[in-house]
Amino acid sequence: MGEVTAEQVEKFLDSNIIFAKQYYNLRYRAKVISDMLGAKEAAVDFSNYHSLSSVEESEIIFDLLRDFQENLQAERCIFNVMKKLCFLLQADRMSLFMYRVRNGIAELATRLFNVHKDAVLEECLVAPDSEIVFPLDMGVVGHVAHSKKIANVVNTEEDEHFCDFVDTLTEYQTKNILASPIMNGKDVVAVIMAVNKVDEPHFTKRDEEILLKYLNFANLIMKVYHLSYLHNCETRRGQILLWSGSKVFEELTDIERQFHKALYTVRAFLNCDRYSVGLLDMTKQKEFFDVWPVLMGEAPPYSGPRTPDGREINFYKVIDYILHGKEDIKVIPNPPPDHWALVSGLPTYVAQNGLICNIMNAPAEDFFAFQKEPLDESGWMIKNVLSMPIVNKKEEIVGVATFYNRKDGKPFDEMDETLMESLAQFLGWSVLNPDTYESMNRLENRKDIFQDMVKYHVKCDNEEIQKILKTREVYGKEPWECEEEELAEILQGELPDAEKYEINKFHFSDLPLTELELVKCGIQMYYELKVVDKFHIPQEALVRFMYSLSKGYRRITYHNWRHGFNVGQTMFSLLVTGKLKRYFTDLEALAMVTAAFCHDIDHRGTNNLYQMKSQNPLAKLHGSSILERHHLEFGKTLLRDESLNIFQNLNRRQHEHAIHMMDIAIIATDLALYFKKRTMFQKIVDQSKTYETQQEWTQYMMLEQTRKEIVMAMMMTACDLSAITKPWEVQSKVALLVAAEFWEQGDLERTVLQQNPIPMMDRNKADELPKLQVGFIDFVCTFVYKEFSRFHEEITPMLDGITNNRKEWKALADEYDTKMKALEEEKQKQQTAKQGAAGDQPGGNPSPAGGAPASKSCCIQ
């Protein structure tokens with residue numbers, strides 16, 4: 001029998017299919033399956049392209065399944081699939097493009113590039129900073145992702161979707177392409193692409209079938225990976241919300257501590273190297289003294305970026321959480337614009353637009369200027385950034401959270417955005433807690449303050465008003481039963497004569513008058529201004545208001561009703577005698593005099609600093625100008641009472657303007673604001689000298705409300721300090737009253753606060769009063785009256801008064817210095833004599849001639 005050839009055996013088996021199947025199952029099936037399952041690699045020759053038998057293809061499939069079972073890394077599994085596909089499709093190269101959404105825009109980025117049958121994973125894995133990114137409207141892969149259909153490009157030169165920029169970048173020529181989307185349900189997850197069919201002009205229909213068949217493995221791998229990733233993200237998000245929620249409800253009082261506790265607690269779940277939180281200033285409206293320089297043209301208006309609700313973007317604090325290397329937290333109050341977390345401009349941009357920004361390659365970013373060098377000694381550099389706004393329930397941006405460098409080196413993806421956004425959104429909503437607490441605390445403080453006011457102050461009652469409006473004695477009825485003409489007749493007989501009492505003079509002294517007489521003088525000023533009839537002020541309300549004001553001032557050493565009246569009297573004198581009334585309307589004059597009378601009502605005899613140190617409810621209620629705002633609120637509280645409201649017959653516009661003028665006037669008495677406004681006032685005075693006629697200047701002044709407000713604010717300061725301008729016999733007494741009140745505060749600081757007071761408030765340094773007075777006159781007071789005397793020469797008597805008083809205080813200060821110098825010289829003489837006597841005593845140690853004095857602690861026998 002001759003030798004049987006392979007062709008004959010193959011022909012026999014093809015003709016006897018049943019026999020071939022029985023023979024294979026009996027002899028080889030168990031061994032093949034056993035060998036296949038036990039093998040570490042498929043027994044297929046990949047060294048050159050060739051057609052595969054069904055057994056070899058089965059081995060490839062089993063190899064892919066085993067790899068999928070044993071390998072948890074999605075990139076490696078997909079890489080193995082692509083290597084096999086390269087061989088099966090006889091493609092020169094394959095690449096994988098991952099679908100993602102960045103800043104709301106879909107795109108494709110290379111994850112595995114230039115995979116071939118002999119490739120190594122590490123060479124094909126694309127680093128985040130080396131990605132090639134395709135938008136969906138560009139290239140064949142973009143078209144595939146957009147259409148969600150397989151694409152077989154026979155000739156790239158004739159295809160409208162082909163883009164050659166990758167060929168130009170890699171110096172490679174793409175002739176034909178076979179690409180298909182990898183789907184998860186209806187969503188595109190990635191696009192896989194094979195290029196350049198080997199030994200054939202293009203990919204065939206058979207290649208499309210092979211690709212789709214083996215793509216099931218890629219689909220399965222990506223789906224499992226995607227579901228695993230989603231599960232991980234949702235788990236992290238749940239943990240973040242759970243832990244941040246626990247810390248949010250632990251801290252209900254302060255937004256900064258609330259954010260800090262929540263963000264620090266969830267740091268392990270954020271999957272980044274570093275993150276920072278910038279807190280925004282929530283101030284929407286500036287104080288008038290900050291607006292004046294802009295309105296006066298002395299400072300340019302703010303032209304920088306603003307939040308969507310119109311606030312100036314000002315990060316008042318940045319909290320930096322460092323998670324790489326040694327963990328650390330840095331809190332930067334009032335960070336400079338060049339701080340590393342702000343210098344790029346990204347947080348400002350996010351605060352301005354309210355958008356989430358995902359920067360995947362920070363060093364290559366053109367729009368934002370990130371630092372390209374290491375930030376610290378550890379060599380840490382910014383690679384990718386995710387920044388988003390923190391928005392409260394009112395849709396106001398309260399801060400910006402920025403996360404740097406995902407830990408696995410990849411850029412932040414859509415799920416990271418969702419996770420971080422959940423945290424930022426939760427923190428934004430949680431701001432409602434400290435806001436509500438602050439509102440409740442504010443109401444509680446108001447309640448405490450008003451309870452204290454009610455205990456101490458009582459408005460003018462029906463018995464007290466009879467001391468001035470003697471309606472029972474004259475008409476036998478109550479004031480509210482009388483006509484206005486009847487009340488006017490009574491007041492005409494009761495109120496003092498303005499000329500006789502000199503209430504319009506700068507040298508007026510309250511010392512000879514009783515407090516009731518001062519109330520009557522105050523009422524008379526309203527008649528002198530001719531505002532009672534013009535604005536239909538009820539005369540009963542006027543009397544009750546002035547009497548209540550006198551009771552509203554506490555019985556303290558200096559800041560009592562007498563001081564309040566003196567400030568009102570000086571305001572009246574400046575308007576009438578100083579001729580400043582020409583710049584103001586009658587309504588404004590009414591508001592200014594009323595504000596002057598109210599300016600220190602319910603003063604406690606201690607200053608603003610003491611309120612803060614003692615943690616007085618006032619300090620918690622008012623952030624700045626603490627006492628001044630309290631005086632203002634107290635005065636407005638009296639005016640809200642119908643029986644005391646002298647503004648009750650003003651129309652709405654007049655009432656709002658009068659209250660506005662009072663707001664500015666009373667707050668302007670805070671000396672802390674004095675140095676802000678005096679330069680502006682000086683420029684107004686200088687400008688007044690450039691006008692030829694008084695009428696032209698007056699018309700110019702009345703055109704601009706801001707100029708009038710600045711003058712009024714400086715008038716309030718001049719009124720508040722006016723005691724320093726009184727005749728010496730009056731001023732010297734008042735100065736002692738001021739000093740006595742200061743010393744009382746110093747005593748409180750010693751006993752209550754356990755602190756040493758400043759020299760001005762130290763009773764033990766009372767002898768230095770003349771020197772302190774001279775310093776106060778030079779540093780604070782002289783400027784006011786010198787400028788007012790330049791502004792209006794009618795006010796010169798006030799400057800003369802302060803000049804004379806300075807001479808008196810200077811003489812006393814010099815006398816004190818002379819006495820102290822004499823005492824010091826006498827003391828030195830006594831010490832010298834005592835040392836000389838000690839040197840002559842037996843056992844003493846006299847110093848040699850011209851030598852040092854003998855030691856006080858050592859004696860040689």
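Heads up, the Cβ atoms here are built off N, Cα and C, so glycines get one too.
Bear in mind that the values here come from a model prediction, so they are computed numbers and not experimental data.
Taken from Swiss-Prot, the feature N-acetylglycine applies to GLY2, supported by similarity to another entry.
With helix defined as DSSP H, G or I and strand as E or B, the domain 'GAF 1' (73-222) counts 59 helix, 49 strand, 42 coil. Look at Swiss-Prot and you will find 73-222 tagged as domain 'GAF 1'.
Under the DSSP three-state reduction, HIS559 (active site, proton donor) is assigned to coil, being neither helix nor strand. Taking the Cβ of HIS559 (active site, proton donor) as reference, residues of its chain lying under 8 Å away and at least six apart in sequence are, in sequence order, TYR553, ASP600, HIS603, GLY605, GLU741. Sequence annotations record features per position, and here Swiss-Prot assigns active site, proton donor to HIS559.
Taken from Swiss-Prot, the feature divalent metal cation 1 binding site covers HIS563, HIS599, ASP600, ASP720. All protein chains considered, the CB of ASP720 (divalent metal cation 1 binding site) has 22 other CB atoms within 10 Å.
Residues or ranges marked as region 'Disordered' by Swiss-Prot: 821-861.
For 830-861, the entry in Swiss-Prot reads compositional bias 'Low complexity'.
Per Swiss-Prot, cysteine methyl ester is recorded for CYS858.
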*Tell me, how many other CB atoms lie within 10 A of the CB of HIS599 (divalent metal cation 1 binding site), whichever protein chain they belong to?*
28
*Whose Cβ lies within 8 Å of the mean position of the Cβ atoms of HIS563, HIS599, ASP600, ASP720, the divalent metal cation 1 site, other than those residues?*
HIS559, GLY564, ASN566, VAL567, ALA596, HIS603, HIS631, THR669, CYS719
